[in-house]
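These come from TrEMBL:
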DOMAIN    B:65-255  domain 'ABC transmembrane type-1'
TRANSMEM  B:12-34  transmembrane segment
TRANSMEM  B:69-89  transmembrane segment
TRANSMEM  B:101-120  transmembrane segment
TRANSMEM  B:132-154  transmembrane segment
TRANSMEM  B:190-214  transmembrane segment
TRANSMEM  B:234-255  transmembrane segment
Amino acid sequence: MTHATVPRPRETPARRVSVFLSTHPRARLGLLLSAPLFWLGIVYIVALVLLLVTAFWSVDSFTGEITTEFTLDNIIEVVTGSLYQTVTLRTLGVALAVTLIDVALALPIAFFMAKVATPRMQRILLIAVLTPLWASYLVKAYAWRSVLSQDGILEWLLAPFGGSTPGYGLPATIITLSYLWLPYVILPIYAGLERVPDSLLEASSDLGGRTWPTLRLVVFPLVLPAIIAGTIFSFALSLGDYITVNIVGGANQMLGNLVYTNVGAANNLPLASAIALIPIVIIFGYLFLVRRTGALDNL
Amino acid sequence: MRLSRLSRTTLGIVTGVILLVVYVPLFVVLVNSFSTSTSLTWPPPGFTLEWWGRAFQSAGAMEAVATSVQIAIIATIISLALGTLISLALQRFEFFGREAISLLVILPIALPGIITGIALNNFFRTIMGVPLSIWTVVIAHATFCIVTVFNNVIARLRRQGTNLEEASADLGAGVWTTFRLVTFPQLRSALLAGGLLAFALSFDEIIVTTFTAGSGVTTLPIFILNNMFRPNQAPIVSVIAVVLVLVSIIPIYIAQRLSGSEAERR
């Protein structure tokens with residue numbers, strides 16, 4: 001038996017770097033992380049921190065310039081002002097309602113796709129769920145404006161049964177936002193259900209588990225992180241929205257609208273930053289709560 | 001657990017009904033693009049092809065599509081590179097601050113767009129003194145697109161393990177050769193899926209774009225927002241939406257075929 005010998009690689013500079021890297025994992029890690037951390041650190045974190053700092057500054061009412069002196073006025077105004085409290089509660093309510101509706105709609109679809117449908121059907125359904133994502137967000141919101149309008153298709157469908165369209169307002173906002181984020185909730189839950197092995201379901205059945213106990217005791221704990229991952233999308237996306245509420249929400253305002261008017265028309269970036277702190281705090285709180293469930297790995 | 005026939009059928013019907021409702025607004029958009037009414041009344045008073053003709057002659061719309069495609073392509077390429085690097089670092093190494101970095105990647109998408117938007121606007125204009133342009137949009141988009149690439153690639157790396165890479169190193173391949181010939185080919189379809197999502201995300205983004213686009217930069221969503229409420233332009237917007245949905249079926253189909261054929265090989 002002859003042994004083929006591996007030829008010694010030539011000593012090129014690239015080879016030397018490669019040898020260095022394979023013997024120094026820390027250097028490899030540093031090289032991998034430097035570019036993305038530079039990008040996210042410089043562009044994103046610095047920008048975000050500077051925005052938060054701005055919340056403690058004020059605008060000179062005379063010149064309209066920003067004064068860089070530390071003040072808590074904006075924070076106090078946002079925390080105690082009744083307008084901000086009302087709008088915060090309204091925004092939270094909308095975001096929670098949208099999240100609940102989306103999870104309730106996504107669970108049966110995702111379950112059907114992952115565990116009941118044939119592979120062919122599964123592929124078709126996945127395409128059916130993904131396709132609406134490609135229609136522009138604005139067009140979909142506008143389509144709902146048309147659907148919900150007084151001479152829209154909903155009125156036309158419901159009128160014979162004595163019903164009528166809810167018109168524009170908070171219900172319309174909740175419907176439209178639920179519609180917009182539904183695919184983002186279905187996808188992680190579907191992926192999570194796909195990862196639940198069928199053998200576990202069979203084992204549960206062999207041990208006498210009926211459908212509901214199996215769903216509750218076996219399936220639910222396994223897909224909970226995926227469900228929470230889905231809620232992060234619907235919750236966070238609803239919390240900051242201001243365009244949908246402009247299109248179908250009538251005169252209602254959400255936190256995003258307050259931020260928007262203060263940046264634009266009112267030209268008060270410090271106050272806008274202080275308002276922006278509200279959703280930031282809420283989302284950080286939410287992410288902190290769900291961190292332990294492993295939901296962040298399911299996004 | 002064996003689902004009874006009844007519950008299977010019920011689930012199927014529920015799924016069908018929800019998907020049907022999902023397609024109603026899209027159907028309304030399709031019908032509106034042929035309707036003689038400019039205020040989207042239902043049922044449509046008449047049929048016309050006028051909007052389809054005008055949409056394809058609209059220079060504004062065509063330019064907006066070109067701008068959006070350009071931004072989405074560059075942002076996707078950047079996020080592919082950065083997302084792959086981060087996923088390799090987080091999946092192949094244990095180190096202090098790993099959790100913080102994975103949170104950092106998710107943050108641009110988890111925080112409301114308006115916050116990312118005004119933060120970047122403030123950063124570019126007042127801090128850096130850079131005028132807003134198409135490039136500020138690209139930078140902003142790449143930042144929140146990283147997460148889609150990251151998610152796809154890290155999931156693939158987790159499944160794949162390191163056996164093949166170790167074998168390659170044992171056979172004398174250097175770091176680059178192993179990446180080029182072993183790691184990268186295994187990541188290819190994950191990169192495609194992540195890249196497609198990143199492209200879609202960038203192509204449709206409006207909020208961050210509003211705050212980071214220079215005055216001459218009109219992406220497709222900005223064009224749509226500007227024209228949606230103009231009676232004579234609204235049906236053109238419907239046409240654009242219909243075309244986008246039709247065109248989007250191609251990449252979705254390709255992505256599906258790829259992941260499908262991979263599932264069969266496994």
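Numbering starts at 1 and runs along the chain as displayed.
Note that Cβ sites are derived from N, Cα and C of the backbone, with glycine treated the same way.
Sequence-distant contacts of the transmembrane segment (B:234-255), counting only residues of its own chain at least 6 positions beyond either end whose CB sits under 8 Å from a CB of the stretch, comprise 26, 29-30, 32-33, 35, 38-40, 50-52, 54-55, 58, 61, 65, 192-193, 196, 199-200, 220, 224, 227-228.
By the Cβ criterion (under 8 Å, sequence separation of 6 or more), the transmembrane segment (B:101-120) is not in contact with the transmembrane segment (B:12-34), since fewer than 3 such pairs are found. Within its own chain, the transmembrane segment (B:12-34) is flanked in space by residues 40, 42, 44, 47-49, 51-52, 234-235, 238-239, 241-242, 245, which lie at least six positions past its ends and keep a Cβ under 8 Å from the stretch.
Note on the transmembrane segment (B:69-89): residues 101, 105, 134, 137-138, 141-142, 145-150, 153-154, 157, 183, 187, 191, 194-195, 198-199, 202-203, 219 of its chain, located 6 or more positions outside it, place their CB under 8 angstroms from a CB of the stretch.
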